[in-house]
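Beneath this line is the structure, given in structure tokens, with notes to follow.
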Amino acid sequence: MKITPGSRLRSTVSSTEVVVVRAPAVDLDLTCGGEPFLAFGPSDTSPAKPGDTEAATANELGKRYADPSGAIELLVTKAGSGVMAADGVELVRKEAKPLPATD
Amino acid sequence: MNIHLLLELMAERDGTRAALGPRDGDATYDVLVAGSLRIATAIRRSGARSVAFVGLNGPPVPQLLFGSAAAGVPFVPLNYRLPGEVLAGLLGRLDRPLVIADEGCAPALAPHVDVVHREAVWIAGAIGDNEPTEVAAAPDGPAVVLFTSGTTARPKAVELGHDNLTSYVLGTVDLASASPDDATLVAVPPYHVAGVGATLSNVYSGRRLVYLPDFDPQAWIDAVQRERVSHAMVVPTMLARIVEATGGVPPRVPTLRTLAYGGAPTAMPVLDQALALFPDVGFTNAYGLTETSATIAVLGPDDHRASRAGGRPDKLGSVGRPVPGVDVQIRDDDGAETPAGEIGQLWVRGAQVSARYTDGGSALDADGWFATRDRAFVDDDGYLFLGGRVDDVIIRGGENIHPSEIEEVLVRHPLVRDVSVVGIPDEEWGQRIAAVVVRADAGASAEQSELDADAVRAFVRDRLRGSRTPDLVVFRADLPYGPTGKLARRDVAALVTEPDPPTPRGSAQKQSGTVTEVAR
């Protein structure tokens, strides 16, 4: 599917929800737990999946996940399980030490 | 992604949390979102292609910033201290601006601009008369346009994109990471890049924004106490005035956990005193440029504490280490990377670096690097040390001299409160070195003060090469700082050549302001 920065996506296998921070301008097979993500908008009222953050593969709320090249980056807006991948390449959590507040 | 999403995500986490203003106020994150979506509708209906704001910092700033973002047009906060005709000139460089000014600033603007909307009336109408709109996809155009202070040239319009700003915030702040009791005190003006950073970072972390629109050191301390402020950011001149206002007595500020400072170089004696006055506060130095979407390097509380404790190499003179996502390179004047530890020009690269100007295009090189025009080196531990602006270099008899070398020596003299070193034109040498000194025993006249021009020169001569000794030493009561703490070097040079203050009647002696000159 074609995804653009700012798009909101929802997993079909878990409670995971993400927003696209960065994406290349090409079609991309974006999956969570092996199944394609579904796009949804703010006016979308379909019920979200119940939380399932207990799983070992939990996608953490507020954390970013990216491919090795950094071309695709997702921000988790609702925690859930399921490995996230783009065209079969696993997206891994970007490690960022919290910085002291500067603003 | 649109910066408006930063606000939406926080509202989804905890929409009932207070976002703006007093502790018991009703301006929650939900209210801020609802307002910005209606303001966006009003902006769209106006047909404007940009939103210009002339006024003090306060809750309307985030309302208009996020409203503009939702409408997909840039928000342009302007320096309200500028004269009306200058502001009109800047407005003329914007694409169909909707001009909004607060009550204090509108009158000065009105004679020069066709339509000036009053902030309070316009915002109330926009929220009251409109339905919320769908948020625009992040446009390619800027989210924010800031005019540089133009201390050396015509102000440049720096364009900060949605991608630049979201990269900065996502890279440095965790969503909803603040406690519901946290509050930040914003004392910088809205047209400073730190004011933009303050709005976005604190909203995304869920920290309530409290404003001190018109800085006064005692009012700042009062606001910290009254609003139970946990975090604050000040520019160095504010820090100096806060230190002075305490009279050396540590103020009671039990809620204050962090104090960030930056925006201009900080005098070491001021910082030393501040650290002593606020022993329980974590100090952070932030270094950044308008073109880099605020902070690109951070010196954190641990480094400040270590410096006070002693025992390891002192990093207090450093601006710290680069933030995640920002690469730094030190290059020589020919553009080649310098060996580790050597001084050169600082270049930076990263998603938060815009370096894009309206009418000027991009200042990035082919590989995405931006020349900050600051001189710097990186030490063995990766700490960045700055050595003044490339543009400020004094060329005396063919030798390049950086004012900061001399300034850093002189600020450590106990009788020097502040100093600026500039080059002044000279037929023989090209330029000569002038030191403009503010005595610590302010008010003391030349004959009362123990600090005279010879003492200043001797102090430098003992510590630096002879070519660094100032040719001229001038004593003045103050240095010309702009409202955001930036020293106007142009005006310092003018101070050197202006006539001395008049001699009071009855005194045969010259007062402070004596120009002393020596041949070398």
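Glycine residues also receive a Cβ, built from the backbone N, Cα and C atoms like all the rest.
Listed in TrEMBL for this protein:
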type	residues	note
DOMAIN	B:11-357	domain 'AMP-dependent synthetase/ligase'
REGION	B:304-325	region 'Disordered'
COMPBIAS	B:304-315	compositional bias 'Basic and acidic residues'
DOMAIN	B:405-486	domain 'AMP-binding enzyme C-terminal'
REGION	B:497-520	region 'Disordered'
COMPBIAS	B:506-520	compositional bias 'Polar residues'
Any residues 6+ beyond the ends of the region 'Disordered' (B:304-325) with a Cβ under 8 Å from its own? 167, 171-172, 262, 268, 271, 275, 282-285, 287, 295-298, 348, 350-352, 379, 381-386, 408
According to DSSP, how is the region 'Disordered' (B:304-325) divided among helix, strand and coil residues? 6 helix, 3 strand, 13 coil
Find the average pLDDT over the domain 'AMP-binding enzyme C-terminal' (B:405-486) in the predicted model and report it. 86
